[in-house]
Amino acid sequence: MFVTGESGMAYHNPFIVNGKIRFPANTNLVRHVEKWAKVRGDKLAYRFLDFSTERDGVARDILWSDFSARNRAVGARLQQVTQPGDRVAILCPQNLDYLISFFGALYSGRIAVPLFDPAEPGHVGRLHAVLDDCAPSTILTTTDSAEGVRKFIRARSAKERPRVIAVDAVPTEVAATWQQPEANEETVAYLQYTSGSTRIPSGVQITHLNLPTNVVQVLNALEGQEGDRGVSWLPFFHDMGLITVLLASVLGHSFTFMTPAAFVRRPGRWIRELARKPGETGGTFSAAPNFAFEHAAVRGVPRDDEPPLDLSNVKGILNGSEPVSPASMRKFFEAFAPYGLKQTAVKPSYGLAEATLFVSTTPMDEVPTVIHVDRDELNNQRFVEVAADAPNAVAQVSAGKVGVSEWAVIVDADTASELPDGQIGEIWLHGNNLGTGYWGKEEESAQTFKNILKSRISESRAEGAPDDALWVRTGDYGTYFKDHLYIAGRIKDLVIIDGRNHYPQDLECTAQESTKALRVGYAAAFSVPANQLPQTVFDDSHAGLKFDPEDTSEQLVIVGERAAGTHKLDHQPIVDDIRAAIAVGHGVTVRDVLLVSAGTIPRTSSGKIGRRACRAAYLDGSLRSGVGSPTVFATSD
């Protein structure tokens, strides 16, 4: 049992022995759910708050015994119509049937692929790309969505067209034929598709050992225990949304969820579910990207005519998946402190799909740590703390401490050598939560998942990991400072604004289609922290942004090379057209549009736009002044 002992005894996680995660033989989430069905069969497992018909929502509940029965039924049907190793894609709306679909795939011993209903706007191209990549034999959906799913896959050849099963139509009696799958710790449980910087998604192979390991790492970090309740609105096809909702399967207590749209429309719904319910003695936990905290602070505070809230029970809300803003956390706390929210409740964190999800978070007894470092030193890959009011001060939020039975080291990737604290390098990871590779991509898998750390420092962060351990390259820059992990910047090209992923190629394409004044194929889209934007942006009324030294939220920048014969054109109408097109097409504000002369934007040796090099030149001012060398810039990509 997950317990906190009396007389101030420390929190105890039953799966952690001598500081390391230890599972019984052949453990997996299927066995955990079956255990809860036996010992807590009449207790609530999951509650879906359905706001599609009622403004206050309709609670749709499932008990552990019924959850087990439905999982076994779907698992048995899959065992009847599929073969071991088959991929099973989940194209469900976010409701109880989605969870039954995911667990049904695990129960069958096949490989789950958590995706989304094709009716979800704006993701059709991505969904086709994923289905092309994983080639599922079967799709799980619901009766209501089945027609739309069949229409969606109709364009595929008959040979490539998966079988479609509506999970709510599978009779529970089918469960009688279910057989415990012969899956071991190395068997792939599901593919977590990443939001990579290219149009071709990559599916991270997560095994039946990776999954419970990471769930226990999260529960241990949150000190999850008997009586605690989870709450979420995150999409289940996202790694943070999936792992958060799976915490209940190991903890054995209830979890409440809603759709992302329900939260976005009325963020107070999330806040109200986090609050203490009558008779509850445990705490609540959740997870959300940074933008959600600001959104809730602005639109989620209870009205005077609404019942009072008690948020003193909120143990921890993981804040991750995008850069964490001190300003957003401050607004959230100021908005909800009057309702009992503790200063320790918000937990800046770090994670990625290659690690199943979780890597690090702020310790439970600590408030979020925000320090200020020198911008010039930061650009030179060093962390040097300065006063908050120093001229070159840049706010940095700690991502806390690395989870149990997991290692994160800062590495000079060129030499595969560990770097000392305070120096910025690439974050490399090792542990049983790390996936085994990308589905069908041997070369990429070897480059990312099969790295050897060639040298360690004297007080190594790799202490305890085998000398021949394989390390995962995250593609993220970071450092340790005063025993906390900090994420200095994203190496990846993906642009994340307000919790939403934007493919840079799409943004660049929209910019170029909005005007004939740009050279086709010569535009770069990237994001930078708001407090690192140049003063000219804040002086521009069109940018719509005021300077806040603590605002580290990512803001969109577009750099475009002028087309031949357009240098004498007034730049403002061009900039306005680009801003308007991206606002309409992507729902995001472009804070700066920089028009440069032909040949200015750096390109890689293979001819691709050097976005990271372009970003670096933008930050140091050389791109705007026109003194930088594209050849030099491109080497940093």
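Any Cβ shown, glycine's included, is placed from N, Cα and C.
A sphere of 10 angstroms centred on the C-beta of ASP476 (ATP binding site) encloses 18 other C-beta atoms. Feature annotation from Swiss-Prot assigns ATP binding site to THR194, SER195, GLY196, SER197, THR198, ARG199, SER349, ALA353, ASP476, ARG490.
Here the Cβ of THR552 (phosphothreonine) has 24 other Cβ atoms within 10 Å, regardless of which shown protein chain they belong to. The phosphothreonine annotation in Swiss-Prot covers THR552 and is backed by experimental evidence.
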Cα distance (Å, whole number) from THR552 (phosphothreonine) to SER349 (ATP binding site): 15
Rounded Cα-Cα span from THR194 (ATP binding site) to THR552 (phosphothreonine), Å: 24
Among THR194, SER349, the most crowded of the binding-site residues [Cβ within 10 Å]: SER349
